[in-house]
Amino acid sequence: MSRATILLSLVGLAAVVGYQVKPANYAKLLEQQEKFDDAFEKEFYVEHTKYVESGVMSERLEEMFEHIQQKPDMFRLEVDDHPLPYLTVECTACRALITTYLTYRRVLGWSRDQIADQATSTCSTLGILTPANCRLLVLKNIDILLYIIDNRPSLSAQTICGIIFQSGTCVLQDSTFLDWTINVSGGGRPITGSVTSPNRGAGDLKIIHITDVHYDPHYRTGYNAVCGEPCCCREGQGIPADPANGAGEWGDYRDCDSPWKAVEDAVRAAARQHPDAAYIYYTGDIIDHGVWETTVAGNIVSMTRTYQLFRDVFGSKPVYPVLGNHENNPTNVFAPSYITREDFSASWLYDFSANQWASWLPAATQQTIRQGGFYTALVRPGFRIIGMNNNDAYTFNWWILYDPAYLQAQLQWLHDTLLQAEAAGEKVHILAHIPIGAGTSYRTWARQYRRILDRFWDVIVAHFHGHTHADEFNVFYSLSNPQAAISVGFNGGGTVPFSNYNPNYVVYYVNPQTYQVTDFESWYFSLSEANQNPNRAPIWTQLYSFARDFQLANVSPASLDTLVRRFASNPTELRRYWELKVKRGDPFLAAGCDGDCLLGHLCQIVTNEANDDSKCNALAAIFRNLDDELFQEEDDYEK
């Protein structure tokens, strides 16, 4: 295939595919893209090697770097939210770069310093960070990556990219990473249909869910909010010439984390407005997005300050926290417990968390927290919480590449804990930072989790997540009976505006006998309005009361499954859900959400495992058949 034809096929793919949802001819496009990536990968290595030897970048290599350069808005989007054209380019870049660097290390015997120097250059060329910050980021990760590469000589670029991106031509094919399982006990009640729940009642418990505060100690009002890096509004980035580009008093929509005053205001507002709440859930991510300059000491300071705020504000009320992917240093990287090398191990974080959480959790939780950052606690007779550390299954955790089977241990512990809960007649809430089943949850882990959920569907009555900063929910469907909706994952959104969101927290109403969520509401403030009035505290108001606003009797899996199908046939309702999901963030509302965008958000609700498009396809068939102008331009293109 000629270079022009390859590029044409890529342009065709970018033009046809929509937001997340795969087109009908995706298999053919994927075959074309595979050929393109194979050719690109080989040519990139040749051109890059010439550049390394001569110090002169050819015109062709400049073209190739330009092709794989990240789009300006990639940083503000979780990978789950990247449209397929973005994922396609990311996969091309991953395969080309990893193949090149694996060859430099394994065949040409490059040293650590040679790899670090060249990786810094690549990071800078791609515009990921400034050259200085590229260097910091590379040095944070290089020793871990080289340890993994050197000790796993069979690890290929295809496998590495298949783990990280799990999409497009980054298809995971290595059986070592696909075929491991956990032991799931027999028994349990058969799944005969979707799970129902009681309606909201006057005696329901109230639970406050706060997540993703992302406190940035370097945030400075008036400093550059358009800095061109993944995280802005920071002291070292200077004051912009145009005051309009300066960071707001209470945060900023433009790729910025939270100043302390905003973190404090959110926690105090939740406590003030809901003094009758029984419990508080915190689902992770205290640390900022300045991933190139985090330190263990700095993370400890930020986490200590935040946990103390929770203690000061909520007093004797129990807080149930879990770790976010940003809490460790380097960010995202959670080594197996048997890796004891001090600069690789996460034991410092687990020990710190065990000490900080001791005032909220039973003494019996200390062992597993120190082992791996997870725990279980009996809240009251019949009601148990399981706090998971599923950051180990985040696809940007490099240690999955070293030993995917190490993830079995926590999942097996989860299964065994649920087995004991079942025997004791307990109902369970599961807290986890990464939405379980999201596109960045390692697919084999997600499949094994679904096996556990099928077995204990009547023990696990709700999930609570963070990470995405979106105020959303996910419906879990049975593996053995795919028409049955058996659980719901509720996302607390985030008090951080990163990026384009308004800050929020969520309050749940929970039946005191079944411990099922009967309704939930979100509280938020307009960041635009708050920054226009910087000398007074933000005004928190109710964003929605879900059952009321969507005319539901309750928010059981059965009810939300019905709602999802309503969304598929009613774009107006679906658009309303999208507006609430993005928390009426002004930049989101200004940009709008077309048919493909809406369909992508709809599919995210029902996707329980990367590359499992069955539910999405069924909804898309309904949505695309509407007598509506949403897809008129696409229909004209296809004709």
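Just so you know, glycine gets a Cβ as well, placed from its N, Cα and C.
TrEMBL entries are annotated by machine, without manual review.
Annotation source TrEMBL lists Zn(2+) 1 binding site at ASP212, HIS214, ASP285, HIS469. For ASP285, ASN325, HIS433, HIS467, the entry in TrEMBL reads Zn(2+) 2 binding site. According to TrEMBL, the feature disulfide bond maps to CYS91-CYS170, CYS123-CYS134, CYS227-CYS232, CYS233-CYS256, CYS593-CYS597. Residues or ranges marked as domain 'Saposin B-type' by TrEMBL: 87-174. Feature annotation from TrEMBL assigns signal peptide to 1-18.
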- Message: Suppose we draw a 10 Å sphere around the Cβ of CYS227 (disulfide bond). How many other Cβ atoms does it contain, all chains included?
- Response: 21
- Whole-number mean of pLDDT values that fall within the domain 'Saposin B-type' (87-174): 94
- Message: What does the structure give for the C-alpha distance between ASP212 (Zn(2+) 1 binding site) and CYS91 (disulfide bond)? Integer Å is fine.
- Response: 28
- Query: If you skip the near sequence neighbours and keep only those at least six away, which residues in the chain come within under 8 angstroms of CYS134 (disulfide bond), Cβ to Cβ?
  - Reply: THR120, CYS123, SER124, ILE128, TRP292
- Note on the structure: Checked against DSSP, the composition of the domain 'Saposin B-type' (87-174) is 64 helix, 2 strand, 22 coil
- Tell me, how many other CB atoms lie within 10 A of the CB of CYS91 (disulfide bond), whichever protein chain they belong to? 24
- Spatial separation of HIS433 (Zn(2+) 2 binding site) from ASP285 (Zn(2+) 1 binding site) - C-alpha basis, Å: 8
- Query: Taking CYS227 (disulfide bond) as the reference, which of HIS214, ASN325, HIS433, HIS467, HIS469 (the binding-site residues) have a CA within 10 A of its CA?
  - Reply: none
- Query: In sequence order, which same-chain residues at least six apart have a C-beta under 8 angstroms from HIS469 (Zn(2+) 1 binding site)?
  - Reply: GLU78, ASP212, GLY493, GLY494, VAL496, PHE498, SER499, TYR501
- Message: Whole-number answer please: how many Å between the C-alpha atoms of CYS593 (disulfide bond) and CYS233 (disulfide bond)?
- Response: 27
- Query: Compared by Cα position, which of the recorded positions CYS170, HIS214, CYS232, CYS597 is the closest one to ASN325 (Zn(2+) 2 binding site)?
  - Reply: HIS214
- Task: Please compare the disulfide-bonded residues CYS170, CYS256 by how many other CB atoms fall within 10 Å of each one's CB, and tell me which has the fewest.
- Result: CYS170
- Item | For HIS433 (Zn(2+) 2 binding site): intrachain residues, at least 6 apart, with Cβ closer than 8 Å | THR211, THR283, GLY284, ASP285, VAL322, LEU323, GLY324, ASN325, ASN389, ASN390, ASN391, HIS465, GLY466, HIS467
- Message: Just to be sure I understand the packing, how many Cβ atoms besides its own are within 10 Å of the Cβ of CYS232 (disulfide bond)?
- Response: 27
